[in-house]
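Participant: Dropping a structure here in structure tokens format, bear with me for questions.
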Amino acid sequence: MASEVVCGLVFRLLLPVCLAAACLFRYNVLSFVYLIYLLLIPLFPEPTSTTMQGHTGRLLQSLCFTSMSFLLLHIIYQITIHSLVAGNSIASNFNCSSWEKSIRQIGFESVRGADAGNGIRVFIPDIGMFMVGLGIWLLCRSLVQKRPPEDMAQYNEDFQSEEQEEDEKLSLEDNVLLEEDYEAGYEEEEEAKESTKMKILRMVAEVASKVKEIIGNLITTAGKVVITILLCVTGITLPSLTSAVYFFTFLFLCTWWSLRRTLSTLMFSCMCVLMAIFSAGHLIVLYLYQFQFFQESVLTNDGYISVFGISPIVQSNCSCTWKLTVHPRRKWYHFVSPIMLLILYYTLATLIRLWLQEPIDQLMVRTERAHTRLFFFSQNVVTCFVNQNLSSVLCEVKLSQLPPTLWKCNNRSTQFHSRSVVMSCLFVQTEKKEECVYEVCLPPEESSVKETESEENIIKKKGVGAMVKIFHFIMKQSYIGALISMMAWSITYVSWLTFVFLIWSCLLWMVRDRRRYAMLSSPFMVAYGNLLIVLQYIWTFPDMDYSKVKGFFVEKKNPFHSLSSKVLCMLTFWLLLRQTLTERQEKQKEDSTGLLDVHVEDQKKQGKLYTEKCKTAFTEEEESEEGGEQDLMHVLGNMVMALMVKYWIYICGSMFFIVTFEGRIVMYKIIYMMMFLSCVALYQVHYEWWRRILKYFWMSVVMYTMLVLTVVYTFQFPESIHTWGNMTGLDKKGLEALGLKQFELGELFIRIFIPTSFLLACILHLHYFHDRFLQLTDLQAVVAKEESTIYSHAKVNGRVYLIMNRWVFAHLKNKWHLVVDRLTVLFLKFLEYFHKLQLFIWWLLEIHIIKIVSCYVVMVAIKEVSLFNYVFLASWAFALPYSQYRPLASSVCTVWTCVIIVCKMLYQLDLIDPSKYSKNCTLVNINASQPKFLMLPESLLYDGRVDPANWVGLRKYDDLLGYLRNNFWMLALLALEVTIYRHQKYFRLRNKLSPPAARIIFHDITRQHLDINIVCFIKYFINYFFYKFGLETCLLLVVNVIGQRMDFYAMLHAFALIAVLYRRRRKAIAEIWPKYCCFLACMLTVQYFVCIGIPPAACKGYPWTENDNVVKWLYIPDFRSRPNPLFLIYDFMLLLCASLQRQVFDDENKAAVRLMAGDNVEICRDLDAASFSVHNPVPDFIHCRSYLDMLKVIMFSYLFWFVLTIIFITGTTRISVFCMGYLVACFYFLLFGGDLLLKPIRKILHYWDFLIAYNIFVITMKNILSILACGYINQLLQDHCWLIQVFSLACTIKGYDINTNAKDICEVPSNEAGIIWDSICFAFLLLQRRVFMSYYFLHVVADIRASQILASRYLTEPVLVY
């Protein structure tokens, strides 16, 4: 066996490769002989003991003799030619003479003057073929004569020829299972006796036999598929009239297969014979044309040669005839085409040889295999008798040849000890293939059947079943592939003929029942596709003039790529047509099955009952497994569908951006964005209207996309520019602005492919996910709590758990099911925690989304100051303090953002040229001697041409998406805001929940938990910090705004702060707080309008231009020194906190909030600490029972002295007249502080409020004096240095023009200026004031009084003297 395999591999692989190399190195008659040998090899049988004495042996001998003869003739010719040249019998330059041409084309070339490589090339084919042929002949003869003894064991006593033995093995290859099982024991005994060498030989033989079996099965079973593919590849590699035979045969076979027709074996074999003869002739003609004689007889530039595909690969050069020169104009497919011809021929010849080697009776069995399938077993074990009418089979099993075994049928065990048993096997005649199936219930061997093997088989069967289901599902969805292929074909190869495919596919995509209509039109798809591919094939012939058919065929430099892609598209058409006919035939059978009466003979009934008994146990298990698989597939399918329904709309939304911003912006892309923006705006403004028009919106998008595809597609054809120009009245530039342009091939593919993909995504959403999406987003449909997200997750996961558990117990039955069980539990826990995390994130977003949205909108407006953005800032400036206007502000900002995006996109069109309407403001009638005009040329007016659109907010940008990024993020945040509110509303309606009374994180923490421990203390202040200290936070932000700006508007903030603090009581401050918020909103909007200023295109300057520092301090508009818009960030943060504090003032009046967070009411100012200590509502912390009490002691007992330290530091770090007041106050409280703490709260607050008032007075005065420090500092440095030193005047704000040279005259106290320490002092003063107003402070006062009473008692007691 091993020897035959080695001989076969050498004969089938090594020898053809050497012959092909001999043909490629030379092109003459001698090499042509080797080509004949190359074509004959696949027709001869492999070397065996019989064939080596027949045709195969004689073929190898003739090859050796021929190559040896050629070699001798070469030697004789070279000796003769050198002798003649040496004797001057012939001229030395005899190249390309008539006799030299004839002899050279026979194969005898002179190597005079040749290099080593070419000299070897002339002789190496004959030398190599002689050595290879002789070696193969000797190897095969020695191997087949010395057969290994283990191979001889396979022969019977009665000798049969090797061919008959192989034929018998092929016919019984799939049916000798029982014989191999029972011979395994004998083989093991023989292997134990063999030597090591024989074992190695046996292993090599087994591997070689398996390789041979795989190759043989591939050729025999998949031969038709392989031949069909090779016909296609050979035909499209180099399109020509001769290659058209292969390609048209391929189209016929595929079309015939798609019609559910099959070629008989005889017809297919005849076709293979004809194709083999034609491909061999094609190879011979192509090889002969490489001769110089034929190239000179039929010129290479002849049109007929190119049409027939006979191209010269090599060319001759008379100056050096020994040199192999490749034709310079040849492409890669000219070299690949002969190789594909040879591979096709070898495959065809191999199949023909296999068919010819089969005996007549086995050939008949193979041809009738579609009708009858028999199972045979080894001799003397099972004997089957078939009656004449093939109605039944009687099989006799001689159990005497078998060991006693257990036969399991229907879960029952029966042990047979009798000599034989006769079984009647059922004859089943199927309707599809009319095949006879004879089944025998075989006894399993105890030694060979193991539990692991059965489990593996079950898993394999399940895998095969799953693959079959997937294949059926893919075949049912083959119409999708066909429609996508139609669109891909049309957009890849643009022409009027493929335009039909584009319209056809678009119409089918828009139809509701597109699968039905696609199947109805599948015959026309196949017919039209075949027509197009045939026409395209003809027009890909070499030297075809495409100008005659311009607009119908696209010229391709590489026809292989275009034809192969079209063949792949045709494959989907063929699959769809076959699926259509299959379903139609199945439906007809289902309809006819109910009308037919089934009559079963008695013998068939008995056989059927017997067979059913043998299969009952397996059927029940398979049904249970299939049910589990169906449940698992159902769950997975529902999960995937739910994800698609929920998130597919986001894919469609992202496609809007891809379509719009890919490439240069044009008008039709802007319309896409307008449609998207209108949808988003309506979603934000009115949810129910948005849901109503959503279907019509997607339909309009689909129709508009089809229109765009059609217009862009048809515009690529010749004369389209003139047609559209006459219709629209636009020139070429105007048409390009619309998006109508003739693109290059690569760019055209992108321009058409992206809208096509978008069209598919929209259609899929419209037809598959839209209805369920509307059901999912219906806020009116209130679902029960049991059907909420967490419960539905639990149901699904529980179902998955049961399925996995059943699968584990059914198949794995080992310890791994515990691992799977544990992993499932962990997975369910993970889902539960993940859902809780989702709920927490949604709640957190609901709390803070208004802050996020307002901050981002205002930041965008401040970053890009323009008239457009004024709407954003004004809307949120008044919507923040007045919460009832927040939905309106969101809607207004959404609509206005959409308008801005569209305007900015329109401004990027090439039709808009700013240079046409820009203005150039020049200086007119200005006297240069006047100093006030010296700075004017440096202003914005005279810096260049002034574009009036810039003042509005429109600019030209190369990166449009980057230019619009802030607007898109703003739109996304606004949409997210309304989505969060609707999601939470839907969630609460679905779960029957009410909105929480307070927007807090820890819902189980109230005022009662504040004094428990530090953890509860931290949680409470995370929830209610702003509720308790929001007013103080706002006051500190006011001081921060003053310190950051130090200008005119900061002075206004200081006056507003004085007005607020003048009220002193929290209740009184709450009454004027809405007015204060309105004041902040008005200030913010006025300052933004100041930043915008008047339009510079008016060429009108401002009257104030003398002192830039004063202009900056006053914060007024100016073209030279524009106001800094970043200052508005501090004002906005103050407005945001003030708005939140207004909400806190409103919440203080709600009983539910007071119950959870506690009261913010101030204690009575006339309260006596000593008398009220017993009734104090807060616990006593003086004795430090916990770490929290220790913190309270530090805060309420020692904060007062720490604040006095801060006051002292504030007064001593700087030297100015304002610091004197801090020192006086510090010394006063240090002197009388102990007694002051024991006084009533009214007295304490009276003194403390005076200190706070002085602190505010200092901050206000420093802000007012900043006009001197920043505006007029240059004049003060020269004449009023004393004033600078007394008030510590120094400008702390960057951006002012300060004369640094004048600092040498007067030292500026830069380190002593500013209000940083004043702000710190103000913060601690407010904190200590809250301590004075706290009930906890009463415990401190009571403790101080108790200490004084104890001390006084100690002093009054008499001292005993001993």
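Positions of Cβ are set from backbone N, Cα and C atoms, glycine also.
According to TrEMBL, the domain 'Piezo TM1-24' annotation covers 26-775. Taken from TrEMBL, the feature transmembrane segment applies to 30-47, 266-289, 332-356, 493-511, 559-577, 665-684, 865-882, 889-907, 963-981, 1076-1098, 1190-1209, 1215-1238 (among others). Positions annotated as domain 'Piezo TM25-28' by TrEMBL: 1169-1353.
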Participant: For the transmembrane segment (30-47), what are the same-chain contacts with Cβ under 8 Å, counting residues 6+ beyond its ends?
Facilitator: 4, 7-8, 11-12, 15-16, 19-20, 22-23, 55-57, 59-60, 63, 66, 70, 106-107, 125-126, 129, 140, 144, 163, 280, 283-284, 287-288, 342, 345-346, 349-350, 352-353, 357
Participant: Is the transmembrane segment (889-907) packed against any residues at least 6 beyond its ends, judged by a Cβ distance under 8 Å, and which are they?
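Facilitator: For the transmembrane segment (889-907), the nonlocal Cβ contacts are 665, 669-670, 673-674, 677-678, 680-681, 684-685, 853, 857, 868, 871-872, 875-876, 878-879, 949, 953-956, 960, 963-964, 967-968, 970-971, 974-975, 977-978.
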Participant: Take the C-beta pairs under 8 A between the transmembrane segment (865-882) and each of 493-511, 559-577, 665-684, 963-981, 1076-1098. Which stretch has the highest count?
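Facilitator: Looking only at 493-511, 559-577, 665-684, 963-981, 1076-1098, the most contacts with the transmembrane segment (865-882) come from 1076-1098.
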Participant: Between the transmembrane segment (332-356) and the transmembrane segment (665-684), are there three or more C-beta pairs closer than 8 Å, counting only pairs 6 or more apart along the chain?
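Facilitator: Stretch pair does not touch.
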Participant: When you scan the chain for residues with a C-beta under 8 Å from the transmembrane segment (665-684), skipping those not six or more beyond its ends, what do you find?
Facilitator: 653, 656, 659, 690, 693-694, 697, 700-701, 704, 708, 711-712, 736-739, 890-891, 894-895, 898, 901-902, 905-906, 908-909, 960, 971, 974-975, 978
Participant: Apart from its near flanks, which chain residues at least 6 from the ends of the transmembrane segment (266-289) lie with a Cβ under 8 angstroms of it?
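Facilitator: Residues 23, 27, 32, 35, 39, 224, 227, 231, 234, 242, 245-246, 249, 295, 298, 305, 310, 312, 338, 341-342, 344-345, 348-349, 351-352, 355, 367.
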Participant: At a C-beta cut-off of under 8 Å, are there same-chain residues at least 6 beyond the transmembrane segment (963-981) that contact it? List them, or none.
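Facilitator: Hits for the transmembrane segment (963-981): 677, 680, 683-684, 687, 842, 845-846, 849-850, 852-853, 856-857, 860, 863-864, 872, 890, 893-894, 897-898, 900-901, 904-905, 955, 957.
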Participant: Between 0 and 100, where does the mean pLDDT of the domain 'Piezo TM1-24' (26-775) sit?
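Facilitator: Per the prediction, mean pLDDT sits at 71 for the domain 'Piezo TM1-24' (26-775).
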